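The ATP binding site annotation in Swiss-Prot covers T203, R204, G205, E206, K207, G208. Positions annotated as active site, proton acceptor by Swiss-Prot, on the basis of similarity to another entry: D237.
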Amino acid sequence: MLDLVVIGHVSIDTLIFPDGRRVTMPGGAAAGVATSAALAGAKVGLVTKIGTDFPKEWLQALSSVLDISGVQILPGKTIHIQMIYHEDGSVDAPVEMGVAQKMGEIPIPEEYLDAKVFHISPIPPEEQLKLLNRLKGKRVTVDFNPTYKEEYIKRRDLLREIVSRVEIVFPNEREALMITGAEDVKDAARILHGWGAKLVVITRGEKGVLVYDGSFREFPALPIKPEEIVDPTGGGDAFAGGFLAGYSRGRPLEECVRLGLERAREVLKKWGDWSITV
């Protein structure tokens with residue numbers, strides 16, 4: 001039996017720097033969560049769609065730490081994200097979706113259905129709801145992404161429906177405020193809990209983690225030297241993966257948070273969203 005099944009995107013990411021340098025690497029929130037959870041000791045399955053352009057060595061790297069029976073390889077291109085860094089520090093991130101459409105209808109292997117916990121990584125909210133309808137009676141957690149900011153604001157009723165049907169939500173501080181419309185992070189946590197989430201886990205970067213289940217608990221970030229931070233983009237996914245590795249195996253909350261913080265610290269020291277090196 002799997003401890004955790006992660007559903008969402010795996011991508012090909014190209015970083016484009018102001019001096020013209022281009023670096024291509026594997027990405028995708030689902031792979032970030034899944035690889036982190038696997039390295040934290042969980043038995044993990046991944047459900048995603050990739051195209052025939054996805055490098056075989058990347059797929060082999062995934063298969064070395066988790067089950068890839070749920071990875072669909074389809075004619076066409078894998079979702080491709082460009083991270084264009086500008087000299088003023090701003091970043092543009094155009095996305096080509098490729099075969100990564102209609103994720104709410106993606107086949108889930110029968111042997112995955114008895115997994116202890118399912119995690120839905122950021123996909124359009126209507127697709128998240130389709131998956132929740134298919135996973136009725138299962139223990140489900142969910143994550144969000146500011147890419148869907150307009151949909152979140154326009155469809156707050158849809159978000160409430162999603163949150164009401166999951167055990168845990170994993171927004172970062174910015175996402176929590178955006179989703180709820182609150183101006184204070186603790187108010188945002190109360191709102192998300194009021195919508196029905198049993199546990200609200202808000203990552204706050206160097207300020208650590210805020211957890212709310214009717215009462216607040218705050219956990220400091222683990223120390224890391226500024227010069228050790230290579231790429232901050234994968235920290236949230238790595239945290240969620242580590243946390244879920246503990247949660248899916250019945251570990252105490254404090255241990256789940258510690259596992260998440262440890263995995264986040266490690267992924268900050270390397271480029272990319274994955275916790276494994278390819």
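Here, residue 1 is simply the first one shown, and the rest follow in order.
Here the Cβ of each residue, glycine as well, is placed from N, Cα and C on the backbone.
Sequence features annotated in Swiss-Prot and their locations in the structure.
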| residue | record | DSSP (3 states) |
| --- | --- | --- |
| T203 | ATP binding site | strand |
| G208 | ATP binding site | coil |
| D237 | active site, proton acceptor | helix |
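Of all the Cβ atoms in the protein chains shown, 14 others lie within 10 Å of the Cβ of K207 (ATP binding site). Sequence-distant contacts (6 or more apart, same chain, Cβ under 8 Å) of G208 (ATP binding site) comprise E218, F219, P220, A221, L261. When the alpha carbons of G205 (ATP binding site) and the residue listed as 'active site, proton acceptor' are compared, the span between them is 12 angstrom.
A straight line from the CA of K207 (ATP binding site) to the CA of D237 (active site, proton acceptor) spans 17 Å. Fewest other C-beta atoms within 10 Å: among the binding-site residues T203, G205, E206, that description fits E206.
Its Cβ placed at the centre, D237 (active site, proton acceptor) has 33 other Cβ atoms within 10 Å. Within 8 A of the CB centroid of the ATP site residues T203, R204, G205, E206, K207, G208, the other residues of that chain are E173, V209, A221.
The Cβ of R204 (ATP binding site) has 16 neighbouring Cβ atoms from other residues within 10 Å, across all protein chains displayed.
R204 (ATP binding site) and D237 (active site, proton acceptor) have their C-alpha atoms 13 Å apart, to the nearest angstrom.
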